[in-house]
Amino acid sequence: MSAIVDIIGREILDSRGNPTVECDVLLESGAMGRAAVPSGASTGTREAIELRDGDKNRYFGKGVLRAVENLNTEISEALMGLDAQEQTFVDRTLIELDGTDSKERLGANAMLAASMAVARAAADESGLSLYRYFGGSGPMSMPVPMMNVINGGAHANNTLDLQELMILPVGAASFREALRWGAEVFHVLKKLIHAQGMSTAVGDEGGFAPNLANHEAAIQLILKAITEAGYEPGTQIALGLDCASSEFYRDGKYTLAGEGGVSLSSQEFANLLATWCDKYPIISIEDGMAENDWDGWKLLTDQLGKKVQLVGDDLFVTNTRILREGIQKGVANSILIKINQIGTLTETFAAIEMAKRAGYTAVVSHRSGETEDSTIADIAVATNAMQIKTGSLSRSDRMAKYNQLLRIEEELAEVASYPGIEAFYNLR
């Protein structure tokens with residue numbers, strides 16, 4: 001039987017040493033699922049609310065005992081006896097139980113932990129890998145990894161405003177090969193940074209955080225690493241940026257400390273990004289405008305939307321209501337998918353499906369505060385999202401996802417495909 005007979009929530013620590021929620025779900029058949037939720041550093045204001053204790057005497061207010069208590073009481077009571085195979089009904093029960101748009105009463109962290117653990121228990125009972133449980137038995141695409149090799153912004157303590165500078169192995173023949181290419185570039189980049197006398201310590205997501213003169217210096221350093229690793233920039237390995245622009249948008253201006261403190265209008269910032277795209281093989285820009293600068297987003301989309309993937313993260317926060325508005329207004333051409341921004345798997349899958357129907361791409365993503373949980377790897381494959389963003393080529397919390405993707409590709413064998421540049425179908 002698939003009936004839920006026990007739910008156990010607990011407080012664990014994430015990759016930054018901050019508390020997060022883990023949940024075990026036990027079924028009548030003896031099957032069990034365990035899941036842990038991530039947490040972000042730069043968060044959109046419209047994200048579902050993760051419940052924190054606020055007790056400054058314990059983890060500086062970041063404890064999650066209230067969320068855990070909600071899991072072990074209200075959520076447990078509501079889900080007890082439900083069929084774990086009925087994911088949509090389970091998630092709808094959670095949403096109705098919380099009763100708020102932002103999931104602030106029970107906490108999106110508590111709700112997501114339950115949603116994920118139920119799915120894992122159901123997959124375990126079915127004898128299926130999680131990606132097969134979600135995605136069925138047909139052919140599947142492995143995702144192109146967006147590898148964050150230089151960190152800035154809220155993810156690092158350096159002079160760069162942009163949060164992530166990424167490499168995308170679009171010319172590889174398989175995910176395994178793409179991962180190898182990325183790892184080789186990462187190690188060459190480390191040597192180049194060290195040779196310049198800069199620190200090779202890594203940031204929250206495993207990328208380097210050197211103090212460079214400006215953003216173009218960072219881009220040029222990455223291109224040099226790609227070339228010295230033996231690869232062709234652009235055709236084999238392209239570049240991506242996560243600007244996280246909301247972090248440096250104030251009073252209608254984008255103020256870039258890493259560019260000499262210049263303050264730019266939306267049009268001027270769009271022009272700067274367009275200039276970089278003309279000079280360098282940049283094919284993806286995330287949060288190129290601030291989450292509330294919809295006019296700026298429209299300018300950027302009109303200017304670059306036919307040749308560059310424009311990903312809405314803080315803009316859309318994995319929310320179908322906001323995504324629908326963006327599609328209607330012709331804003332962006334891609335959505336970043338973060339499961340903890342919305343709080344249930346059902347709503348996550350709905351956002352991916354809505355994006356695809358509109359010709360937008362969907363990039364499944366980690367958060368800067370992660371755990372060893374690798375659910376997003378299975379989601380990326382199961383939904384044929386074809387892109388994943390899960391950090392650099394270091395830190396075991398990031399490698400957990402990459403290694404799971406290696407296992408999935410091995411298991412799929414000849415029915416796995418690697419789309420490469422075709423993953424960017426929004427640019428055709």
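First residue shown is number 1, and so on along the chain.
Heads up, the Cβ atoms here are built off N, Cα and C, so glycines get one too.
These come from Swiss-Prot:
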type	residues	note
BINDING	Q163, K338, R367, S368, K389	(2R)-2-phosphoglycerate binding site
ACT_SITE	E205	active site, proton donor
BINDING	D242, E286, D313	Mg(2+) binding site
ACT_SITE	K338	active site, proton acceptor
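Summary for the binding-site residues Q163, S368: the Cβ-based neighbour count within 10 Å is maximal at Q163. Of all the recorded positions listed (E205, D242, E286), E205 sits in the most crowded Cβ setting, with the most other Cβ atoms within 10 Å. Closest by Cα distance to S368 ((2R)-2-phosphoglycerate binding site), from the recorded positions E205, D242, E286, D313, is E205. The candidate set comprises the binding-site residues K338, R367, K389. Of these, K389 has the most other Cβ atoms within 10 Å. Among the recorded positions E205, D242, E286, the ones whose Cα sits within 10 Å of the Cα of R367 ((2R)-2-phosphoglycerate binding site) are E205.
Excluding D242, E286, D313 themselves, the residues of that chain whose CB lies within 8 A of the CB mean position for the Mg(2+) site are, in sequence, Q163, E164, L241, C243, A244, I285, D287, V311, D314, L336, K389. Closest in space to D242 (Mg(2+) binding site), of the recorded positions given as Q163, E205, K338, K389, is Q163, taking the CA atom of each residue.
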